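As given in TrEMBL:
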DOMAIN    28-292  domain 'Glycosyl hydrolase family 36 N-terminal'
BINDING   Trp207, Asp374, Asp375, Arg451, Lys484, Trp485, Asp486, Met487, Asn488, Cys534, Asp556  substrate binding site
ACT_SITE  Asp486  active site, nucleophile
ACT_SITE  Asp556  active site, proton donor
DOMAIN    657-732  domain 'Glycosyl hydrolase family 36 C-terminal'
Amino acid sequence: MAIRVEESTFYLETKASSYIFTVYDEKYLVHLHYGKRIGTVGQMERIVDLDPRPGFMADNAAYFGMDGSRAEQVVCAEVLPQEYPCYGHGDLRSPAFHAQYKDGNRITEFHYAGYRVFEGKKALKGLPATYAEPGDRVSTLEIDLKDELTGLCAVLSYTVFEEQDAIARSVRFENGGKDAITLQTVMSANVDFYGKDWDLTHLDGSWARERHIHKNPLTNGYQGIDSKRGASSHVHNPFIALSGRDAGEEHGDVYGFSLVYSGNFIAEADVDQLDMTRVRIGLHPFDFAWKLDAGDEFQTPEVVMVYSDAGFGKMSRRFHDLYRTRLCRGAYRDAPRPVLINNWEATYFNFNEEKILNIAKKAKSVGVDLMVLDDGWFGKRDLDDCSLGDWVVDRRKLPDGIDGLANKVVELGMQFGLWFEPEMVSPDSDLFRAHPDWCIHVANRRLSLGRRQLILDLSRQDVCAYIIDAVAAVLDSAPITYVKWDMNRNMTEMGSALLAPEHQAEFAHRYMLGLYYVMETLTTRFPQVLFEGCSGGGGRFDPGMLYYMPQIWTSDDSDAVERLFIQYGTSMVYPAGTMGAHVSAVPNHQVGRTASIKMRGDVAMTGQFGYELDLALLSDEELEAVRGQIQQYKKYRDIIHNGALYRLRSPFEGNNMALEYVSQDGNTVLLFYYTVLAKPNPAVERIQLRGLDTNANYILEESGAQFGGDRLMHLGLNLKDKEDFSSRVFVFKKKQ
Ligand code: DGJ
């Protein structure tokens, strides 16, 4: 069992890490250690500072009661590393918990009230989360904290995934009192670290430029990221990492925090006056309040913490392993997924059945498995200004309906997939005319449009039921085995016509609960359908979505060079198989760049591979290249998706990028090397491989040349940047 309890001290142990906290003075949860494995902590006095300090509030047993009673000052709470700090007494740093009670007071004092340990992991009611399967080395610790005065209980849950060096945390609040409580700050996790010599890494960007890596040294005060947009967003990803100043790709301490949630969030590090660093991550307290009636429960989203003692590379491999196998679900979790072609960049809204079938035929001839029909097949949608919500086929474009087209695609020997944007409604739609109050709005306030559309109010059960029925009716009507679930704007005027005033600030989270309910219902009802998430590209690329949809369209930017940055950044947390990646036309529609067909293929191949262009416009030579790419991808996708990723060169640090994948059995090694710009008389790039067997020999497939594993790792390969926008792929086989 990975969880030990010794003298009121809790030891959570993964393969390479210990997470330790203790009960102090029979009441307070004090954090002791997160990092490399240690046996026992010994005397607490040597780990935390228990001396009172001038200038700080006296806490713990120190109080002066209103009745004149006096207790002795023992410790200052603000000096202690706290496990789950609440607002109101001596710790004046940002709290993990803050609430308002019936009489208007905002003071909470959680005291330790017991614990439970069990094998496996409970599901989180209504929320996506990691899970355990029978036989997994996974166990859970639950700690009860209680506020005696109000009867509010916080159940802190810690699930230890031993193999993945991961701990999944969340909190469940149970109102055991007589009165309603308004929850205001409910972090999923808080970790107090000693010292401020850390770097903070996050993944930021914008539409078509998502998840670029940003790494900065911490300084005193707040630093962090958030989303108040109603989606995890293009701008920030619900992930931060704290790393030692000397940490790099292959060495040093790295702590990754990844929130399994798709809506408003906050993730921050706060360096205090004693240079201690508090990390908090969870639901955004901004514009959030939740009225918890007596007897009710509230569940926070889950945060997954991964500790790596060997740099960012190991952290990422741990996240990949966990998310690929114990977050993603369904028939497509482990199965090889189809190579698809999507018509969006080939036709945009301007298509008919003939055009789509021509794309499909050409695609079939080069080995594509699945034809995806994107936006524009329903209502009267010739532009993005109408018809969202009216999920009825446009017979002007598709006279034989979706079923007619789907059946013809199936007759070609391909699968058929369809685009939806189920959460949206166009002002010019039958749905909006029939139900104007179904959109997110606030009475007497104007409506802001984004991409000329509004968002349906998924906090309402009737709206959720409509979406389920409308999507299900189409899926039932035709042989559809893939759905692209898009979402193209952020939220404004957040509020619901159905919520009472005291529940309005619950809106953003209630929307997410509604969305998760809809997705759970549809993915359960259509297990044969592969769902791909999308939000104007990667505007909702997060672990919450992956629980329902095992792949997500990574970005609307399909340019091979920009994708180097986006996919490299995304790989910090997310495995290759989750990243939708397509070869598109040149000049590229987003940036006008012309990258070689080889580079475009080699970039897309390190994700979930597909095409998004009119193949009829390619030369015979290019079509031959496409045929070869699909064969190559199918041959190696298992290694790319399920093997171990080593990032050898970062595009953020130079003019090239190198990625290496080692198969699970260690017998095949793939090396992808990309050049952005060529240089005259270029320097030699020495690429040293990782994760090989130093005692084995490896054969380079293209030449039959033999290399020792030690030579490839310690000496490396000499490569040169020869041409703009070019790439090379090397395959090594371990000699048996
Ligand atoms: C945004 C998506 O990211 C694109 O791939 C495409 O599906 C369009 N929406 C369609 O409107």
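Backbone N, Cα and C atoms are what each Cβ position is placed from, and that goes for glycine too.
TrEMBL does not curate its annotations; it predicts them automatically.
Recorded features from TrEMBL, shown on the structure.
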residue : record                 : CB count, 10 Å
Trp207  : substrate binding site : 18
Asp375  : substrate binding site : 19
Lys484  : substrate binding site : 26
Asp486  : substrate binding site : 23
Asn488  : substrate binding site : 22
Asp556  : substrate binding site : 21
Could you count the residues of the domain 'Glycosyl hydrolase family 36 C-terminal' (657-732) that DSSP puts in helix, in strand and in coil? 7 helix, 36 strand, 33 coil
Listed in sequence order, the binding-site residues from Trp207, Asp375, Asp486, Asp556 whose CB sits under 6 Å from ligand 1 are Asp375, Asp486, Asp556
For the domain 'Glycosyl hydrolase family 36 N-terminal' (28-292), mean pLDDT (0 to 100): 93
Three-state secondary structure of Trp207 (substrate binding site) from DSSP? coil
Widest Cα span across the substrate binders Trp207, Asp374, Asp375, Arg451, Lys484, Trp485, Asp486, Met487, Asn488, Cys534, Asp556, in Å? 19
Simplified to three states, DSSP reports Lys484 (substrate binding site) as strand
